[in-house]
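Below you'll find the structure, written out as structure tokens, and then a few comments.
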Amino acid sequence: MRFFPVTKPYVLLLPASGLILIVGYRIFWLFREKISSPEYQEFTFRTKEWNMVIPDMSSYNQPRILVGRTDVVSVTPWLAPIVWEGTFDPVLTDNIYKPMNLTIATTVFAVGKYVSFLKDFLETAEKHFMINFRVRYYVFTDRPNEVPSVNLSGGRHLTVISIPGSNRWQEISAQRMKIIHNTIETQIHKEADYIFCLDVDSKFHFRWGAESLGRLVSVIHPGYYDTTRNNFPYERRPASKAFMSMDQGDYYYGGAVIGGLVEDVYKLTKECHKEFEEDAKNSIEAAWQEESHLNRYLYYNKPSKVLSPEYLWQDFKARTREVKVIRFSGVIKNYAAIRPNE
Amino acid sequence: MNPVPLFFRLQTKQAMLMEPVRTDVLTVTPWLAPIVWEGTFDPQVIDEAFRSYNLTIATTVFAVGKYTCFLRDFLESAEKHFMVGLNVQYYVFTDMPSHVPISVTLGVGRRLNVVKVPKFDRWQEISLRRMELIQTAIEEYIHQRANYIFCLDVDMIFHGRVGPEALGKLVAAIHPWFYWVPRSQYPYERRTISKAYIPQDHGDFYYQANIFGGAVEDVHRLTKTCREHLEMDKSAGVEAVWQEESHLNWYLLKNKPTKLLSPEYVWDDLRGQGAKEIKLVRFSSVIKNKAEVRENP
């Protein structure tokens, strides 16, 4: 009889440990499945879509239903707004977005001699870009010592991130998608709600505000906004992952501006980089590198908001009637002087 | 269930940026919400995008007292024009379930649910209770079964397409009798004692309560707030000039809709055919003898 209480724990130990092993194995298996599935992410994003609330009964002009801008299209066929001067009320927009306490991440690549553009970019951004919002600039450069110190307004920060340079400007351009999505993964998803990825060789000249915020935002390339789609400089070789046939396409979007919720831009940059790598394996480089992949992505994943060419101009272009203000424009440059290669 | 981002496969003709299809009307609000008019959207692109997501649209309609007589035409025309090709769950709130015409043939993926509610002596009271009943319905079952919800009036008929172009986070329709007037003439509630009060120099558009909708979560917030405000008004002994519609307008002034439907989507047959900006009437009020169907004037 004394034997019984001694053996009882041992008798139970075997099936108990067996049960634990089985349960543990199932949990491990589920976890493994979860982390190996492409959707699994070890992090979460700060912001889903926001509601547009005005903080109090603020005063602004009454919108008039029978009057609109008649010279341009202000909404896409999938009902995304196209942002032109005159289509939005800046006071109302600011009243809606400022109370949301948003942080806008802004990435810019200044590699090699392109570091010389930073000063003007940052100084004009401080005058015109997302004024009175919290902005975090992320400057990717191979020359961190040459990043100029620019006075930033309260609530705005600058982070310098070192990246390798390259002998080919196409390579630098192509790696941007990878670097952006990696940085979102490691850092930006914790620090910002929205993100804009901008080209550094440009300056701000006019308001670029919260009217540009949306889930997935792109800009219409200033060189192609009045062209038919068969003349868009899409990648036309079927072998490329960026291929677009002659009867496909909405607008030609500029690669110099990509924006949206951090989560959506993460998906875009990850996907575009993946396609770029696929092409590289097959020894193809798309006609306009990442811009080609971006255009294909945005054809299939329509942007929720499109910025007019006011938001991406080029200084060498003459002004046109419909573009009433220029907000952001690429400066005239001597490519031979600043690019590492042709 | 949440609304989803869209993935498109099909494309039709190119949208030319310098060639607006509609130059006679506003197609985007000052807070950059699109206003849906005929010509502003491509139905094929929209349909293709939404088809692959297997969405369910809950659709509430109140048919209390004699208003059950409108149900047959409402449902039959909805089956022809409303969210065709998508899953629709109708929720008919009625005090007389036996009067609901269950013989109306519904398309695949579409279902009629009948919810019994009490009847009130005054039509204004019936109208006021709708917010509460919709809120409760969302909390109790709709939130599990649908991505989007539309709350429609029953004394209306569909005449043209009302499709996924109408879907959005928070959607309201512009009243067909007030879209060209200055906001000082909008029939907002103007007594400061009411929660629906809007001062003279405020307002965007005047929205009609016959059709509103959006993502289930957003419509829940709308109906809950309106219901609370209606109850506060009741305690203060005031009934807003256009009942729930007044409260709806207050709510939508403060919480901007993400998409507006033009008066094509909430027409009144009494306005006739004359309005040249209305190229297509999609959903409109039935001309009725109010004395016959209402409990009180």
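Yeah, the Cβs are placed from backbone N, Cα and C, and that goes for glycine too.
Per TrEMBL, the features are as follows:
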- B:Phe62, B:Ala63, B:Val64, B:Tyr67, B:Asp153, B:Val154, B:Asp155: UDP-N-acetyl-alpha-D-galactosamine binding site (BINDING)
- B:Asp153, B:Asp155: Mn(2+) binding site (BINDING)
- B:Glu245: active site, nucleophile (ACT_SITE)
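Here the features listed in TrEMBL are placed on the structure.
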| residue | record | Cβ neighbours (10 Å) |
| --- | --- | --- |
| B:Phe62 | UDP-N-acetyl-alpha-D-galactosamine binding site | 23 |
| B:Ala63 | UDP-N-acetyl-alpha-D-galactosamine binding site | 25 |
| B:Val64 | UDP-N-acetyl-alpha-D-galactosamine binding site | 22 |
| B:Tyr67 | UDP-N-acetyl-alpha-D-galactosamine binding site | 23 |
| B:Asp153 | UDP-N-acetyl-alpha-D-galactosamine binding site | 21 |
| B:Val154 | UDP-N-acetyl-alpha-D-galactosamine binding site | 22 |
| B:Asp155 | UDP-N-acetyl-alpha-D-galactosamine binding site | 21 |
| B:Glu245 | active site, nucleophile | 23 |
Secondary-structure category, per DSSP, in which B:Phe62 (UDP-N-acetyl-alpha-D-galactosamine binding site) falls:
strand
Distance [Cα-Cα, Å, rounded] between B:Asp155 (UDP-N-acetyl-alpha-D-galactosamine binding site) and B:Glu245 (active site, nucleophile):
16
Of the binding-site residues B:Ala63, B:Tyr67, B:Asp153, which sits closest to the residue listed as 'active site, nucleophile' by Cα distance?
B:Asp153
Reduced to three states, what secondary structure does DSSP give B:Asp153 (UDP-N-acetyl-alpha-D-galactosamine binding site)?
coil
Could you check what DSSP calls B:Tyr67 (UDP-N-acetyl-alpha-D-galactosamine binding site) once collapsed to helix, strand or coil?
helix
Largest separation between Cα atoms (Å) of residues that the record links to UDP-N-acetyl-alpha-D-galactosamine, namely B:Phe62, B:Ala63, B:Val64, B:Tyr67, B:Asp153, B:Val154, B:Asp155:
11
Please report the three-state DSSP label of B:Glu245 (active site, nucleophile).
helix
